[in-house]
Amino acid sequence: MAHPVQLGFQDAASPIMEELLYFHDHTLMIMFLISSLVLYIISLMLTTKLTHTSTMDAQEVETVWTILPAAILILIALPSLRILYMMDEITSPSLTLKTMGHQWYWSYEYTDYENLCFDSYMTPCSDLKPGELRLLEVDNRVVLPTELSIRTLISSEDVLHSWTVPSLGVKTDAIPGRLNQATLMASRPGVYYGQCSEICGANHSFMPIVLELIPLKHFEEWLLFTL
């Protein structure tokens, strides 16, 4: 989860989020090198008295500044496309979770089981227990197993919403009349928080998402207790 005055990403808890962090560092390093080169050239131009006013063209320089940016863009595009296809690929999911956005709460349905569905509202500040987080706790958490591929089907009953859990690298728009899908797989147990990330009205800030990821054995016990 996020912390006050946090500047970086949340700790990755899924393979996809780890790949996104690697890609971020990769791209940031390329940008840093380009910025350093540009600053060096600017400082060189400001400090030297040498000029070439009679130069009309320079084929070598033009070739370099055409090929070099193209190569840099390829170095950025290839890892990006790889992650894009990884996020879109859903093969043999172990569980399917249907998520519907409402003004201003979420409803969930475990489509693999009968009558396992519930609404998830934000817990009011007056009902918070010691240690619970303001504006992030809900009355019904989504319980899912770890280390299993889970497909989420996401849509909306009214306006645009966005189902987002940063630690798991998931952010999918909930669009009325359209069913989007995403895949998630947690690499370790824990409680992961998210929020609606699409402005959806007056109470947009009060649509938290809480996922409780537990080992498969405990998930089966939870199913027996719930059903």
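Glycine is treated like the rest: Cβ placed from N, Cα and C.
Copied over from Swiss-Prot, here are the features:
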type	residues	note
BINDING	His161, Cys196, Cys200, Met207	Cu cation A1 binding site
BINDING	Cys196, Glu198, Cys200, His204	Cu cation A2 binding site
BINDING	Glu198	Mg(2+) binding site
TOPO_DOM	1-14	topological domain 'Mitochondrial intermembrane'
TOPO_DOM	46-59	topological domain 'Mitochondrial matrix'
TOPO_DOM	88-227	topological domain 'Mitochondrial intermembrane'
TRANSMEM	15-45	transmembrane segment
TRANSMEM	60-87	transmembrane segment
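The sparsest Cβ neighbourhood within 10 Å, among the listed binding-site residues (Cys196, Cys200, Met207), is found at Cys200. Local packing around the binding-site residues His161, His204 was summarised as the count of other Cβ atoms within 10 Å of each Cβ; on this measure the leading residue is His161. Close to the recorded Cu cation A2 site, the chain also has Gly101, Trp104, Val159, Leu160, His161, Ser162, Ser197, Ile199, Gly201, Met207: residues not among Cys196, Glu198, Cys200, His204 whose Cβ is within 8 Å of the site's Cβ mean position.
Rounded to a whole number, the C-alpha distance linking His161 (Cu cation A1 binding site) with Glu198 (Cu cation A2 binding site) is 5 angstrom. Taking Cβ pairs closer than 8 Å, the topological domain 'Mitochondrial intermembrane' (1-14) reaches residues 20-21, 24, 133, 136, 166-170, 184-188, 190, 192-193, 213 in its own chain, all 6 or more past its ends. If you take every residue in the topological domain 'Mitochondrial matrix' (46-59) and average the pLDDT, you get 72. Its Cβ placed at the centre, Glu198 (Cu cation A2 binding site) has 18 other Cβ atoms within 10 Å. Under the three-state DSSP scheme, His161 (Cu cation A1 binding site) falls in the strand class. For Cys196 (Cu cation A1 binding site) paired with His204 (Cu cation A2 binding site), the C-alpha to C-alpha distance reads 7 Å. Taking the centroid of the Cβ atoms of His161, Cys196, Cys200, Met207 as the Cu cation A1 site, the other same-chain residues with Cβ within 8 Å of it are Gly101, Gln103, Trp104, Trp106, Leu160, Ser162, Ala174, Gln195, Ser197, Glu198, Gly201, His204. Classification of Glu198 (Cu cation A2 binding site) by DSSP places it in coil, neither helical nor stranded.
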